[in-house]
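If you check Swiss-Prot, you get these features:
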{"type": "MOD_RES", "residues": "C2", "note": "N-acetylcysteine"}
{"type": "REPEAT", "residues": "2-30", "note": "repeat 'ANK 1'"}
{"type": "MOD_RES", "residues": "K4", "note": "N6-acetyllysine"}
{"type": "MOD_RES", "residues": "K11", "note": "N6-acetyllysine"}
{"type": "MOD_RES", "residues": "K24", "note": "N6-acetyllysine"}
{"type": "MOD_RES", "residues": "T31", "note": "phosphothreonine"}
{"type": "REPEAT", "residues": "34-66", "note": "repeat 'ANK 2'"}
{"type": "REPEAT", "residues": "67-99", "note": "repeat 'ANK 3'"}
Amino acid sequence: MCDKEFMWALKNGDLDEVKDYVAKGEDVNRTLEGGRKPLHYAADCGQLEILEFLLLKGADINAPDKHHITPLLSAVYEGHVSCVKLLLSKGADKTVKGPDGLTALEATDNQAIKALLQ
């Protein structure tokens, strides 16, 4: 399967395409080109429905990417409040520190995200 096409679907919110890849055997925990997992790409781009689907299919909510960034940190860094809320509700570890040594709470100035993390 082509990583670039799968990554495009993850980033652009093409849920039907993501479902098709998974139905054909795509591992939701596989490290893709670029050193990140599917959940990271969805979190980075604010793709809430895709996050929900990947988690339902067993994606590791706390898996770090090649930079030691978790999906929660990805969503926090990009300011995706709804994704942060979903990840926390599904058990994401908010104490993990990113490569800068900061937790998600310490890494954001977004007040809505801070409120979720406290």
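Quick reminder: no glycine exception, Cβ is built from N, Cα and C everywhere.
Counting residues of the repeat 'ANK 3' (67-99) by DSSP class, helix then strand then coil, yields 17 helix, 0 strand, 16 coil. Same-chain residues lying 6 or more positions outside the repeat 'ANK 3' (67-99) and placing a CB less than 8 Å from one of its CB atoms are 35, 37, 39-40, 42-48, 51-52, 55, 61, 105, 107-108, 110, 112-113, 116-117. Residue density at K4 (N6-acetyllysine): 10 other Cβ atoms are found within 10 A of its Cβ, drawing on all protein chains shown. Of all Cβ atoms in the shown protein chains, 15 besides its own fall within 10 Å of the Cβ of T31 (phosphothreonine). Residues near C2 (N-acetylcysteine) in space but far in sequence (CB under 8 A, at least 6 apart, same chain): none are found. With the fewest other Cβ atoms inside 10 Å of its Cβ, the least crowded of the modified residues K11, K24 in this structure is K24. K11 (N6-acetyllysine) sits 19 Å from K24 (N6-acetyllysine), taking the C-alpha atoms as the reference points.
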